[in-house]
Amino acid sequence: MPSAHAFDMRITSDIYKPDQHLPMETMKVCAVTMTEDLQEDDGSSDESDNDEREDHSKTGVSQQRITQNAKFKALLAQRADTGPIHDVSVTHDLPDAQLSTAHLVAKQDLGIGTLDPREYQLELFERAKVQNTIAVLDTGSGKTLIAVLLLKHTLEKELNDRMEGKPHRIAFFLVDSVTLAYQQAAVLRNNLDQSVGHFFGAMGTDLWSKSVWDQHFQKNMVIVCTAEILNQCLLNSYIKMSQINILIFDEAHHTKKDHPYARIIRDSYLEEVYSKRPRIFGMTASPIDTKGDIVDEATRLEKLLDSRIATTSNMSLLRQVARRPVERVWSFNKLEQPFATSLYKHLEDRFGDMACLEGIFRFAWQASSELGRWCSDRAWARALADDVLPKLEGSVRKTANSETSSNVPESAYKEILRITEASEIVKSYAFSSPETFGQLSPKVQVLREELARYFGRQTETKCIVFTQKRYTALILAELFQTLNIPFLRPGVLIGVRSGDLAGMNITFRQQFISLVKFRTGEINCLFATSVAEEGLDIPDCNLVVRFDLYQTLIQYVQSRGRARHFNSTYASMVERGNLEHEQRLLEVQDAEMMQSFCRTLPEDRLLYGFDHDLDTVLQKDEGNRTFRIKSTGAKLTYHSATAILARYASSLQYEKEFSAQVTYVVLPINGAFVCEVILPEKSPIRGLTGSPAMKKSIAKRSAAFDTCLLLRKNKLLDDHFNSIYHRRLPAMRNAKLAITSKRTSQYDMISKPSLWGRKQGMPPKELHGTFITFLPSMQLSHEPAPLLLFTRERLPHFPEFPIFLDDDVETTIITTPLEKQLLLSEKEVDALTVFTLRVFRDVFHKTYDKEPEKMAYWLAPAKVQSSYLPSYDPRQILDWESLTYVRDNDSIPFSTNADPESWVDLFVFDAWDGRCRFFTVGVEHSLTPSSPPPPFVARRRHMNDVMNYCLSLSKNSRAKFLSTCHWDQPVLRAELVRLRRNLLDKMTDTERDVETRCFICIEPLKVSAIPASTAFSCLAFPAIISRIDAYLISLQGCESLNFTVKLDLALEAFTKDSDNTDEHRAQQIHVQRGMGRNYERLEFLGDCFLKMATSIALFTQNPDDDEFDYHVNRMCLICNKNLFNAAVDKEIYKYIRSRGFSRHTWYPEGLKLLQGKDHSRKATTESKHALAEKTIADVCEALIGAALLSGGPDHRFDMAVKAVTTLVNSPSHKAERWKDYISFYTIPKYQRRAADGAELYLSRKIEEKLSYRFRYPTLLGSAFTHPSYPSAWAKVPCYQRLEFLGDSLIDMVCVEDLFARFPDRDPQWLTEHKMAMVSNKFLGALAVKLGLHTHLKYFSAPLQSQITQYAEEIQTAEGESEGAVDYWTVTKDPPKCLPDMVEAYVGAVFVDSDFNFEVIERFFRDYIKPFFEDMAIYDTFANKHPTTFLHNRLTNEFGCVNYCLKAGEMPSIDGAPAGVLAAVIVHDVVIAEGTATSGRYAKVKASEKALAVLDEISSAEFQRKFRCDCRESGDSARLDIGTAI
């Protein structure tokens, strides 16, 4: 399904790339315009060039675009120069709350200061230079500085090696948490000269390509990252172990089991030849963090890290740095057994059965003993606070989703109500004061007393209280806030964990802010969990309290290391008489002996032994297969396979599909387990079933491993095991934009139809007549006489078309081809020829040589009659009297004896000036020839009197004429004929401003023998013959393709009337006036049919392909590039009408011009036109649309099917008519199979609901089978193939309906409203309305939940809608499977009915159209899209037309994937920007920000701020804001 908010993919994206330049052609147009405007009309030419000037009147729009493009390019360059976040100087003046995490770290100046290593650090440093070493030092003793020393040494050696031409190598500093990545990177940056990068998973590193990583490796010599990132880089062969010079493991004691530290060693380090392995340096406060044999565990760690444990031999030096605190034991009396408080009892009685509260009950129960009554009760207040309730409700829903009972939704709803009830009970509960006796446990009482001793007075004490549980830390912090010890300022520092309930969510940023406050003294008592023990740079404090005793040596050493001040105290809280607590103290003493043992090791003593060899390290993975790509070295393992598949799945998530993840179905079989891997719907490989294994986990990993191999075999994973789709899929989806939509090339253009050139060479003996009548919409100044157009071949019946006479009176031109021929004598041919040439001379100031053998057509007067039938004899219609009179009289001679009134209602012309043509109106008795003309008349060179005003002779001829002319002749009122030739369009303002009233004398002029009414009609002939030419050329184009298309549709399909016709709502540039409808609506219709036709063809001709293959193959067929190539091959560009009326080319060709301006040279230049490749492709789609509306011999789609085959020019679409599709379809086995009982039952139920009986119920079963349903259980294929087909069928039936109902709406409107009809949102609602959702077969708990919740919501919305049909627009989006199954059902019905489209139309009429009878209610549906909404607000609310939305690609910044910058520019001011990984989402962000800006200002402020005068200028046209894509 296309996204509901996605604009048509064919619309130009207007994406700027950094290396593009402004089009020089546009600049040249501006220059030409300026030059022409400076030229003066000398008055001597026979015709003016007003039309050309008019063509350039829109150049201001082009200039605006140039300015906007330049503005955006400058902005793009500026943004592309932005450096990475750690290179930007930190704004120290901003409060911490406004700073990013990276800036918070930088602001604290971690690691700043001189590097001053102590002797013990130098000792370990020297050891680490020559051998792999694990440094065991107390927390706070400066292990990181040893690492810095080692890095400096390693980097110095690396720089020397690089200078000698050796391969580049990189240092890696590995950490175990995101927080440490920030901290250690800050330390290294402040102590190393070389660039340091730091990365962690939340940055999206798993989706980075090798090229991105190569940029980072090139840029940085040291990389700090979490261990899993390096592990994946090594497995994907983004980097090889031999390219690393040192591996530093922070908190190296984590190297065990399947920790990424251990996997890096096992899977990559030990696989490398010994000589190419990097140096290893591990750091830890204790080499072990578990209970057990200390020496054995230490030895195992050495083996895993291929290193030697070492520590300082001079403890006095260490003591100076890492001061040991005074260790104290704070004893407390034996705790009570856990008990139920009154609040606990009350809640347990009412809500004790609720699973979502189980953890809180458990904590409150234990807290009653460990913390006391008050703390136990306060846990409920925190757990059921208002901000936590939504999370608990979500937990209830999640639990309900995992059930299969049909009453789950109701029970879940009740559970949520019970949670709310519990919250209200807690809110109304009267909590006792913690000061009350018995409210606090003995343990908390001791802590309170001791802290009161430290903080009861002004003090510099800083304290950390360590707890085992996060909730304990939170409750204790709340308690001590309440107790109000005078100088105690409590705070909390707990770890980051996703999915927490009870308000315990905390971010890395909040951790840093707590540390910053602790450092500055704003907090002086931190209640912390283990997150404060390990590695974090917590400033020295003088009191550390173990509220909960440590569990391991490492916890003890690390927490003790936090007490670094001189005379600091480390207090352990121990229960009196608790043997376990006492035993733990003894264990720590034994572990301390281990550290002493480490320190006494001789320098050459190795703890390698023979009982821990490499075989034991690798033994765990024995039997697990691996696969290595030789070219890159990338390695596939059982562990990495699942991660690779997860990455592959996420690369397919281009829309909001919930299921862009891998599904693993593990089933028992013959005492073993087999796993089926099901990949997301968009994957071309659906998955596979793995080999049997004895464990579920091994079966899952084995199947994932085999799936990776299958994807690799099908070239869906690259040489680094990355999905190819982060590059390929967008390119395929954007195939419609894979050609240039802006750049144009010159192509040949036919300016005259070939029909005019046929049968020439001799005078005609017979001609075919076409009767031309004028039907004005209102009274005209002159009654137009009908005309006859005679041609050598019979003309087709042309559609009626309008022209605009007088003051834009719309007049319909009706052409009627006569059936009978006109047989002619030589004299009659001569009469026709003379009349036609006389029209050219008298009316248009062109005198041609009389050559009837070269003439293409003849014009003749017709007898005036209301109408003529085609069967009439042309000889009876022709006005022979007028024809003979014109032949015998060159003009009507002037006579002084004539009655003055006899000169009225004649056509008069100046023989020497083509601009002067008049219709006489009446005698003006108030003027004489010597009178000055009235001041309002049009200006001419001589204005001294009427006689001179009419005279165009040269100086000498003028004097001679004036000396002999008759100064007593009458002066006539006359109407000056405008120089307007393009009557196909209304007048321009310039043409309208021409003054047509004038006064003339007859003697200086010539009176035409052509009757005035006929001359008036002949003035329209250039427009009429131009339109006839266009019809004939379009017909010729269709005939060249062997299409039978209606003439009006053919011309519409070939008509491009502006430079940017395809930008429907944009202000059109260089508009060609009077061309009629352009191709855009037909292109919209044809595009839809093309999609449907190719979908059907692929479905029928490729039964074994899956949906992905169909999508890719269809895109290759319908993409603009393919259409363009086919069009060029068939020379379709010749027939495209890209120019409107031309006063240069409407004249007949081949005649010899004797007098008048020769336009032949200009006509030659107009035989070429500039077309964009996309325009040519769009015309192909328009031709398909025209063929569709023209029908066919057997089926109304026949001609359109033939057009598709011709224009896609591919073996994948071979049908010549509609019924060919059926003949190509081979019924698959599953469809022919006899239906079982369940399938028959489903068929009957659907027939009851939708009134269609399936001949093949198995088709219906396939339509309702979700891709998640395991193939082992399914008897039919999933619905994807049918959904692909049905999607195009629904598109077609909806578009046809809108196209027919709204003939005057532009494609943008049609697209926006089609979006509502075919949107996932509507089709999902329709699925529930029709009750289809209950029949879907799937295997997914989240899917069940989503369907249930959505069905309840949409049914509730319908019930509350009071009959409103648009109730579905206000609900959340449905699960994608629901619209998919509707589309699949439509596809199944289509196939089952033998491709009967009428069945689809019936489904549309019965179930879809009732929702869309009134399309006005969906006007805002598309407008909710930010880009459309912004367009509407700027144009309608603010009246602005000078704005645009530009988007352009930016180079990669700080190694991130290449981004796209979008900007909204209003009157050359950038008002909003947005960046994203695609143009679509960048435009959305920019539009949203721009809307926020507009929300803050009024219309008056807008005009003042942006100097917008669009409303005042009255320019109602609209500029291109760009599209949503």
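Here the Cβ of each residue, glycine as well, is placed from N, Cα and C on the backbone.
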Co-listed Zn(2+)-binding residue [Swiss-Prot; alongside CYS1440, CYS1508, CYS1510] among HIS1431, HIS1467: HIS1467
Matching residue for the Mg(2+) site, where Swiss-Prot names ASP1380, GLU1383 - out of GLU1283, GLU1296, GLU1473, GLU1488: GLU1283
Rounded distance in angstrom between the Cα atoms of HIS1467 (Zn(2+) binding site) and LYS1376 (site 'Important for activity'): 42
Neighbouring C-beta atoms (10 Å sphere around the C-beta of CYS1440 (Zn(2+) binding site)): 23
Top Cα neighbour of CYS1440 (Zn(2+) binding site) in the set of recorded positions GLU1283, LYS1376, ASP1380, GLU1383: LYS1376
Proximity of the domain 'RNase III 2' (1243-1394) to the domain 'Dicer dsRNA-binding fold' (641-731), 3+ C-beta pairs under 8 angstroms: yes
For the domain 'DRBM' (1428-1496), the mean pLDDT of the predicted model: 78
Rounded inter-Cα distance in Å - CYS1510 (Zn(2+) binding site), GLU1283 (Mg(2+) binding site): 48
Cβ neighbour count (within 10 Å, all chains shown) around CYS1508 (Zn(2+) binding site): 22
Integer Cα-Cα distance in angstrom, ASP1380 (Mg(2+) binding site) to CYS1508 (Zn(2+) binding site): 47
DSSP-derived structure type at ASP1380 (Mg(2+) binding site), helix or strand or else coil: helix
The domain 'Dicer dsRNA-binding fold' (641-731) - residue tally per DSSP class, helix then strand then coil: 36 helix, 20 strand, 35 coil
The domain 'PAZ' (881-1009), counted residue by residue under DSSP: helix, strand, coil: 31 helix, 24 strand, 74 coil
Closest of GLU1283, LYS1376, GLU1383 to CYS1508 (Zn(2+) binding site), Cα positions, recorded positions only: LYS1376
